[in-house]
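Step one of this worksheet: look at the structure below.
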Number of protein chains: 2
Amino acid sequence: MLNEFSLIRRYFSRHKNSSDAAILSVGDDCALLAPTPGKVLAVSTDMLVEGRHFFAGADARALGHKTLAVNLSDLAAMGATPRAFTLALALPAIDEAWLADFSDGLYALAERAGCALIGGDTTKGPLTLCVTVFGDVDAHTALRRDAARDGDDIWISGTLGDARLALGALRDEWPLDAHALDAARRAMDQPEPRLALGAALAGVAHAALDISDGLAGDLMHILERSDMSARVDLDALPRSTLLARQPADIQRLCTAAGGDDYELCFTAPVDARARIEDAGARAGVRVTRVGTITAFNAEAHANAGAARLVWTDGRGQPVTPALRGFDHFND
Amino acid sequence: MLNEFSLIRRYFSRHKNSSDAAILSVGDDCALLAPTPGKVLAVSTDMLVEGRHFFAGADARALGHKTLAVNLSDLAAMGATPRAFTLALALPAIDEAWLADFSDGLYALAERAGCALIGGDTTKGPLTLCVTVFGDVDAHTALRRDAARDGDDIWISGTLGDARLALGALRDEWPLDAHALDAARRAMDQPEPRLALGAALAGVAHAALDISDGLAGDLMHILERSDMSARVDLDALPRSTLLARQPADIQRLCTAAGGDDYELCFTAPVDARARIEDAGARAGVRVTRVGTITAFNAEAHANAGAARLVWTDGRGQPVTPALRGFDHFND
């Protein structure tokens, strides 16, 4: 049986790319890391728990991909370029086939993203994965949540809702044929962090975040931190042809409040539209305008309960869909 | 009931010291952080799992302290100065009294160490705590594991074994009266990261690490990475008066192979003895010489099974105590 140290060595020291990113890497008390001159480090951490963020028995290779992808997505949302990551994992037992597949999925994305494993921790416990990721970013052009301005367009990358469509089918909330479920499940299991788009938006867009808990809840973070309001066209939210074939109420729920999308939601001035379209084209990612940032009227909000986030239909008429964000404690 | 976001805000945004350490902190997709000019960032991550690293029902305030302390100890072992940390936690339920106590213990140490919470993640799941910690260090004087040299003294900070003494009593491996258990348990629950000592040793000592899994196993990491051997005097290992009153075999097990000590083990040239003693005095921490680094004889090792790490008694005679390190998968 492998002990803890040989386990770490065998599965997480195979690739030597870590030496390119860090001065000192896996195997010491700390890794040593510095941002590229002129940049600062963007740092984010996410924890994934079995039964909460993924099903028990989830495919290990896909899980390796997703564990890193959700963290890289946070870098994309800042406009940062990946440099390195640490991985802490609790495993119920040492399963070498699982470890081989998990590390394959993890490293495939890490190498594609230029992101080196520089340290970690392994322990016994309920299956839990915690990644902390580091990227280079220019502190002056980083895409912050508090930077949305009155009149900005609101944009969404890619399409929304396929992951929620798969989750609902797996939870028996709605029917979905096997072929459609398979396609939707790929979106849930293999999200693609929008790194090239995020980097291209730095210095062009104003505010940005990645949609992990559903647009309705996540956009509110931009609005609250920027002290702005917004109007968003529910019917304009980009969706796959697969989702567009589902009933209208499922489409609205999945696009506006589905979690696990890992697309970018960002705001940009109207005169940047051509540059945004160009950034999307260069990154190979569709970008769609879905609404407008407006000034926040604190008085109307306090006196009349006016919402910060107003949903409209395709004709600009306000609608009040039954939506809620994905809350890890309340759903 | 608090939702995830208000929970994070209430308990982990109380203190505003984070703005001093980071350009951008809790509440965006990423925190933005840069090392102090001329330094690099030392980065370490540790995951603590209930039932593995602490008992179910452990005092929340002590747990808050220990969660950060074990990470700060890794910074101390590099000679780094704390700057910031992220915290990811999985909680089985929202228990406000627990959160208040946990965050009290965490922040008390964080503020004392000058280490700011700059980001995190909260989710539902089996109680699991994952901290990633960042410190400033000079890349040229950082205390690495691969820097031990032939003839170096081997030093230990503080005393070893009290945490293991408490654990053994709690596991019914040996008897311990209530008063002694209480004192030993404080060592287990409230380890003090040797930050001032570690910083004073940078540029003076050669190799260092913190003893988390027991000296026997941890010293081997220095020996293997430095390609050296060592002789260590079992009877010279520093121990508390409490442990010194226990049977000899328990003393040896606890000092040489006890986990959870978080003292520093470091090597330094003989001509640095006065500076080491001075560093200990200034940091208010006892430092004890316990052995010597020697050249590794690969041939003797291969042909005769000569051990890298030779234990001796107080008269220099080799002894072979029944010791083993603390392995998170095998114990």
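Positions of Cβ are set from backbone N, Cα and C atoms, glycine also.
Just so it is clear, the model here is predicted, and its values are computed rather than measured.
Annotated in TrEMBL:
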DOMAIN    B:27-136  domain 'PurM-like N-terminal'
BINDING   B:ASP29, B:SER44, B:ASP74  Mg(2+) 4 binding site
BINDING   B:ASP29, B:ASP74, B:ASP210  Mg(2+) 3 binding site
BINDING   B:THR45, B:ASP46, B:ASP121  Mg(2+) 1 binding site
BINDING   B:ASP46, B:ASP74  Mg(2+) 2 binding site
BINDING   B:HIS53, B:ASP260, B:PHE326  substrate binding site
BINDING   B:GLY120, B:ASP121, B:ARG145, B:SER212  ATP binding site
DOMAIN    B:151-295  domain 'PurM-like C-terminal'
BINDING   B:ASP213  Mg(2+) 5 binding site
Whole-number Å value for how far B:SER212 (ATP binding site) lies from B:ASP29 (Mg(2+) 4 binding site) (Cα to Cα): 32
Binding-site residues in contact range of chain A, given that the Cβ distance is under 8 Å, out of B:ASP121, B:ASP210, B:SER212: B:ASP121, B:ASP210
Chain-internal residues, separated by at least six, CB under 8 A from B:THR45 (Mg(2+) 1 binding site): B:ASN71, B:CYS130, B:VAL131, B:THR132, B:VAL133
DSSP residue counts for the domain 'PurM-like N-terminal' (B:27-136), split into helix, strand and coil: 37 helix, 45 strand, 28 coil
Shortest C-alpha distance to B:ASP260 (substrate binding site) - which of the binding-site residues B:SER44, B:ASP46, B:ASP74, B:SER212: B:SER212
The residue listed as 'Mg(2+) 5 binding site' and B:SER44 (Mg(2+) 4 binding site), distance between Cα atoms, whole Å: 16
Most Cβ neighbours inside 10 Å, all chains, among the binding-site residues B:SER44, B:SER212: B:SER44
From binding-site residues B:ASP46, B:HIS53, B:ASP210, B:ASP213, the one whose Cα lies nearest B:ARG145 (ATP binding site): B:ASP210
Distance from B:ASP74 (Mg(2+) 4 binding site) back to B:ASP121 (Mg(2+) 1 binding site), taken between C-alpha atoms, in Å: 22
Neighbour-count leader, CB within 10 A, binding-site residues: B:ASP210, B:ASP213: B:ASP210
Structural state census, the domain 'PurM-like C-terminal' (B:151-295) (DSSP three-state): 71 helix, 31 strand, 43 coil
Pairwise CA distance, B:ASP46 (Mg(2+) 1 binding site) versus B:ASP74 (Mg(2+) 4 binding site), rounded so that it is a whole Å: 9
B:HIS53, B:GLY120, B:ASP213 filtered to the binding-site residues whose C-alpha is within 10 Å of B:ASP74 (Mg(2+) 4 binding site): none
